[in-house]
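Enquirer: What follows is a single structure, and I will ask about it in a moment.
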Amino acid sequence: MADTLTVLGLESSCDDTAAAVVRQRAGGRPEILSSIVAGQTELHAAFGGVVPEIAARAHVEKLDLCVEAALSEAGLRLSAIDAVAVTAGPGLIGGLLAGVMMAKGIAAGAGLPLVGVNHLAGHALTPRLTDGLAFPYLVLLVSGGHCQFLMARGVEDFTRLGGTIDDAPGEAFDKTARILGLPQPGGPSVEAAARAGDPRRFALPRPLLDRPGCDLSFSGLKTALLRERDRLMEAQGGLTEQDRADLCASFQAAVTEVLAEKSRRALALYMAEAPAEPAFAVAGGVAANATIRAALEAVAAEAGARFLAPPLSLCTDNAAMIAWAGLERFRLGRRDDMTLSARPRWPLDAASPAMLGGGKRGAKA
Amino acid sequence: MGRGQAERLFPMLEGLLKQAGIAWRDLDGIGVGTGPGNFTGVRIAVAAARGLALALEVPAVGVTMFEALAAGAPLPALACLPAPRGQLALQLFGAGGAGSEPFLATPDEVPARLAEAPGGGALTCIGPEAGRIAALLDASVALPVANPAVAIARIAAARLETVRERPRPLYLRPADAAPPKEAPPAILP
């Protein structure tokens, strides 16, 4: 195999359309030659969340434009690319299909190999792209759609130590913003409001902290917040800015405390394996939250592990991580053929028992 | 073919090229059906066509199912397709061949919507719902001249030099989505 590999990546599993080019000399430091992300926030803003049909419509018309922009920014033609990597799941089926078909078209037309990538592997392998982390390391993947602790042992070898049994924290931030009349996406707006708030004013629950293990739950927290809001609304006929800030701060404190304590437990399991270069990485959009990040950093220091949070642009959905995960798979000799399927559900750790979902559509996590 | 289009499309295309004795590089353009039809199926085809066009550096040309049906039909012609929720998807092509705005209608609404269209057998209905609509409009029925894929390829070939826009799916209705019902809380001064 060629010593230097240059891979084009495509991502369209949720509400960001993205394309990127990543290059790596064998054993060298990977380089992101370009990373284009076309968001759809404004298309979904009026609906209080991502509308799958709107997302699918947008992906189909934006993907090739993103690919062209990524190639042009990298200053490369397709003839300089070694493989096309694409997110094949998990995610919203309409977007995944658009990405997979676009990638197949490019691969067929340019005579390039195709590599399907698991979106979660993209997030989980990002610390290797940014900092060259050696296996095994611990990752907390925490975003709008996912929340799980993964022990990354190899490019295709992940063990899930625990995860959410219901909502993801990013989803809880969005819902919090919605019930408090703050703009979407909820992560940044709740964090901004929380800065002026008192995190101790409302005693919100810390779900599952009383149970052993690394599983998490966030749906009850959202309900508790709604109850506090309704109590205030009934008493005063609305919320003051201070009420809203205090609700946000109390909510953020609860999420932070739960994530920190569960991280402590996951780190204990990880450190018990005596890794040579212990590292704890956080990935996903929620890693952008400064309060959560600081708490996780403290927990990592306590355990004696290096803490790592990729830059924000590589924490939220992007295609550089897909190009990179594809490059790593490609180096192992992995290829997919033209029958590659889009998989709305695709657990990264297929060996551990399913936590969420089941039946005909299979496990979600 | 319902499920499995995403898995089968490229193996089918590769078989087709092999049968024709040509390679991807021999293509001067890609024609693609843009519907109306099953949203997912149309998007599968449009994404594939746009990816191929990008890699081959040739134009991709979107052709609607109405245009594919009306190709070669006696004019004026009404292309009649089934649509969800008991509706029909229709487009009228005038005597000169130019198409009016495509629209959705229930069968009862069709005569009023087409009040301007010529009657008395001067109009030809074509497509899967043609028989039903012809009876309502006192029109005749014609069978499509070619299968849709062949018609799409022919129309695309004729437009290769002039096409400006990339193909996009033809949706006759907006995405099903409603803003949240609950109003945000009042913020007190």
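The backbone N, Cα and C atoms fix where each Cβ goes, glycine too.
What TrEMBL lists as domain 'Gcp-like' is A:31-324. Here TrEMBL flags A:HIS119, A:HIS123, A:ASP317 as Fe cation binding site. Among the features that TrEMBL reports, substrate binding site is placed at A:LEU141, A:VAL142, A:SER143, A:GLY144, A:GLY145, A:ASP174, A:GLY187, A:GLU191, A:ASN289.
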Enquirer: If you count other Cβ atoms within 10 Å of each one's Cβ, which of the binding-site residues A:GLY145, A:GLY187 has the most?
Expert: A:GLY187
Enquirer: If you count other Cβ atoms within 10 Å of each one's Cβ, which of the binding-site residues A:HIS119, A:HIS123 has the most?
Expert: A:HIS123
Enquirer: Give me the long-range Cβ neighbours of A:ASN289 (substrate binding site): same chain, 6+ apart, Cβ under 8 Å, in sequence order.
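Expert: The list for A:ASN289 (substrate binding site) reads A:GLY187, A:GLU191, A:GLN252, A:THR256, given in order along the sequence.
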Enquirer: Rounded to a whole angstrom, what is the C-alpha distance between A:LEU141 (substrate binding site) and A:HIS119 (Fe cation binding site)?
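Expert: Cα-Cα, rounded: 11 Å.
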Enquirer: Taking the Cα atoms as reference points, how far is A:ASP317 (Fe cation binding site) from A:GLY145 (substrate binding site) in Å?
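Expert: Pair distance, Cα basis, whole Å: 11 Å.
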Enquirer: What is the separation, in Å, between the Cα atoms of A:HIS123 (Fe cation binding site) and A:SER143 (substrate binding site)?
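Expert: For A:HIS123 (Fe cation binding site) versus A:SER143 (substrate binding site), the Cα atoms are 10 Å apart.
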Enquirer: Only counting partners 6 or more residues apart, tell me which same-chain residues put their Cβ under 8 Å from the Cβ of A:SER143 (substrate binding site).
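Expert: Within the chain, A:SER143 (substrate binding site) has Cβ neighbours under 8 Å at A:HIS123, A:ALA168, A:PRO169, A:GLY170, A:ALA283, A:GLY284, A:GLY285, A:VAL286, A:THR316, A:ASP317.
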Enquirer: Rounded to a whole angstrom, what is the largest C-alpha distance between any two of the residues A:LEU141, A:VAL142, A:SER143, A:GLY144, A:GLY145, A:ASP174, A:GLY187, A:GLU191, A:ASN289 that the record assigns to substrate?
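Expert: Largest pairwise Cα separation, rounded: 19 Å.
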Enquirer: Given the Fe cation site residues A:HIS119, A:HIS123, A:ASP317, which other residues of that chain have a Cβ within 8 Å of the mean position of their Cβ atoms, reported in sequence order?
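Expert: Near the Fe cation site, the remaining chain residues are A:GLU11, A:SER13, A:CYS14, A:THR87, A:LEU120, A:GLY122, A:SER143, A:GLY284, A:ASN318, A:MET321, A:ILE322.
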